[in-house]
Amino acid sequence: MNSILFYSPVIFQSLGFGNSAALYSSIITGSMLVVGALISMVTVDRLGRRFLFIEAGIQMIASMVVVAVILALKFGHGQELTKGVSTVLVVAICLFVVAYGWSWGPLGWLVPSELFPLEMRSAGQSVVVCVNLFWTAAVAQCFLAALCHLRWGVFVLFAALIVVMSIFVILLLPETKQVPIEEIWMLFDRHWYWKRIVRKDPKYQGNLHLQQQQQDMPPANAAGVKPSSDV
């Protein structure tokens with residue numbers, strides 16, 4: 001996403017747009033990002049995090065495939081791109097940006113803040129910020145070189161990465177919509193995969209909760225019930 005925003009003027013200018021059109025493209029993509037964030041604010045607690053992730057993943061994959069196919073067929077053959085082809089490219093990139101704006105952009109910060117327990121939230125969020133900024137810088141530094149060597153293939157690479165991200169969400173991300181922070185651990189306790197991992201930890205909140213319930217249960221004879229005897 002940052003590569004698209006950083007280098008959108010360069011991308012559009014290399015596609016045959018003029019200098020002013022390249023500047024306009026940067027304004028358009030920035031506006032689409034804001035629109036996506038506003039849509040996310042309105043719908044995230046209605047539709048859920050997983051829905052926005054999965055829908056946006058499909059939209060982003062389709063957009064990158066369209067861009068890659070058009071560039072593979074039309075770009076680099078010494079011919080100027082027609083207005084129709086250029087319009088399709090702009091629309092595809094804008095659809096990519098707006099999908100990111102309502103999914104991985106804001107939710108990439110929201111969901112980790114919901115999943116971490118209170119006692120380790122600050123440390124967990126620090127790791128999230130560190131990893132996010134590291135890969136932002138790495139992708140930004142490598143994008144131009146990848147674009148020169150892979151050309152249209154770099155967008156296929158992006159689409160493949162989004163496929164992996166979407167599969168991760170479908171299989172491994174629990175839905176945190178309208179779930180209180182104190183009950184987030186129950187999502188992992190019921191999840192088909194994570195429950196096999198978290199229940200092995202003796203300090204896991206679910207195990208501590210079960211131990212507390214067992215301690216609070218009255219003994220069998222506490223209510224004056226006499227044990228049955230054989231007749």
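The backbone N, Cα and C atoms fix where each Cβ goes, glycine too.
A TrEMBL annotation is a machine prediction, not a hand-curated record.
Quick caveat, the model's predicted, so the values are computed rather than measured.
The feature domain 'Major facilitator superfamily (MFS) profile' is assigned by TrEMBL to 1-177. Sequence annotations record features per position, and here TrEMBL assigns transmembrane segment to 21-39, 51-73, 85-103, 123-147, 154-173. Marked as region 'Disordered' by TrEMBL: 211-231.
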Quiz item: Any residues 6+ beyond the ends of the transmembrane segment (123-147) with a Cβ under 8 Å from its own?
Solution: 2-3, 6-7, 10-11, 108-109, 112-113, 115-116, 154, 157
Quiz item: For the transmembrane segment (21-39), which stretch among 51-73, 85-103, 154-173 has the most Cβ pairs under 8 A?
Solution: 85-103
Practice problem: Compute the average pLDDT of the predicted model within the domain 'Major facilitator superfamily (MFS) profile' (1-177). | Solution: 86
